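Engineer: Mind looking over this structure? Questions follow.
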């Protein structure tokens, strides 16, 4: 089925829908990973975005429940050069086209993904529309221009939970907080995890470190954290512009004064704001599992998994030590407060997909909690 992709600057490409008729729009970006498409699709940080995969063949190993990073597909559309319709892998439970159809997400192939990637790299990520219904490119360009910019969008409200829950090792489990606080179930440090659109592998790795976790929505106040008797705080990844989360930033500023605190991706950006810094929009973002990062505390070079369109301005922070930098463009990838037990990284140490070079971050956080809180 013929499909058109139109960007706000007038750039138009023709392809074919492999998920049936429809029309959708969002910010067009590219991901440089060779594999890991299912983790990309189910990563809540991709909400509001149409993802173009630079690798030419996608879908050849199908989809399995084991590789999900959330309970649904979050991308607005999936753009590939060629989609494999008949996967070959013993773990596969469903084909990529059928999986996208099940979740009501458009997928298109036959697109010149090299041309699209080059255009976005030169001109920057931008709004776009995909349609099988509208045949006039000029009308689609106008529809793309009418979409909201990623800057100024609070997309956390689309993906964050409405109520606290626990992680049972495989799926979230609802929990009701008692008026007197929280009935912790484990023996490890009591950790409140803020879910701004969390990837499940973060919860898996925190559990491996022995934390007794309560996962909470962004609306959970610092006073609520104290009421449940938490000993540490973790801030997750998530989508959209971090500067829009002003209420959450104010609460995080209070938490960072009291608890050992760590953040990943959006959590890193929110901590940056809470410590007096600012964020800025990257031209085309960092999306993929092959981004080099240097840990300045050890001198070690890591290949990291990344997915962010915003970053903390490295010159805007005071009272922190810069711990990680991106070797492609020199942007900030991690910091630690000079006097408080606060650490954060912009990249994704939990990977999924990607290498495990940065997984030590979770052990580093566990050791920090042990030293700061004595637990």
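Cβ coordinates are placed from backbone N, Cα and C, and glycine is handled just like the others.
Taken from Swiss-Prot, the feature active site, nucleophile covers 265. The active site annotation in Swiss-Prot covers 348, 350. As annotated by Swiss-Prot, L-glutamine binding site applies to 45, 238, 240, 266, 269, 307, 309, 310, with the evidence given as sequence analysis. Annotated domain 'Glutamine amidotransferase type-1' per Swiss-Prot: 190-375, in sequence order. If you look up Swiss-Prot, you'll see 1-186 marked as region 'CPSase', on the strength of sequence analysis.
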Engineer: Compared by Cα position, which of the active-site residues 265, 348, 350 is the closest one to residue 240 (L-glutamine binding site)?
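Structural biologist: For residue 240 (L-glutamine binding site), the closest Cα among 265, 348, 350 is found at 265.
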Engineer: Once near-sequence residues are set aside, which residues in the chain of residue 309 (L-glutamine binding site), 6 or more away, have Cβ atoms under 8 Å from its Cβ?
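Structural biologist: In sequence order, 27, 29, 125, 150, 281, 282, 285 meet the Cβ cut-off.
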Engineer: In terms of DSSP three-state secondary structure, what is the assignment for residue 348 (active site)?
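Structural biologist: Where residue 348 (active site) sits, the three-state DSSP reduction gives strand.
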Engineer: For residue 45 (L-glutamine binding site) and residue 265 (active site, nucleophile), determine the Cα separation and express it in whole Å.
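Structural biologist: Cα-Cα, rounded: 9 Å.
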Engineer: In whole Å, how far does the CA atom of residue 350 (active site) lie from that of the residue listed as 'active site, nucleophile'?
Structural biologist: 11
Engineer: Quick one: give me the count of other CB atoms within 10 A of the CB of residue 265 (active site, nucleophile).
Structural biologist: 31
Engineer: Can you tell me how far the Cα of residue 238 (L-glutamine binding site) sits from the Cα of residue 348 (active site), in Å?
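Structural biologist: A Cα-Cα distance of 12 Å.
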Engineer: Taking every protein chain shown into account, which of the binding-site residues 238, 240 has the largest tally of Cβ atoms within 10 Å of its Cβ?
Structural biologist: 238
Engineer: Around the recorded L-glutamine site, report the further residues of that chain (criterion: Cβ within 8 Å of the mean position of the Cβ atoms of 45, 238, 240, 266, 269, 307, 309, 310; site residues excluded), sequence-ordered.
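Structural biologist: For the L-glutamine site the neighbour list reads 237, 239, 241, 242, 265, 308.
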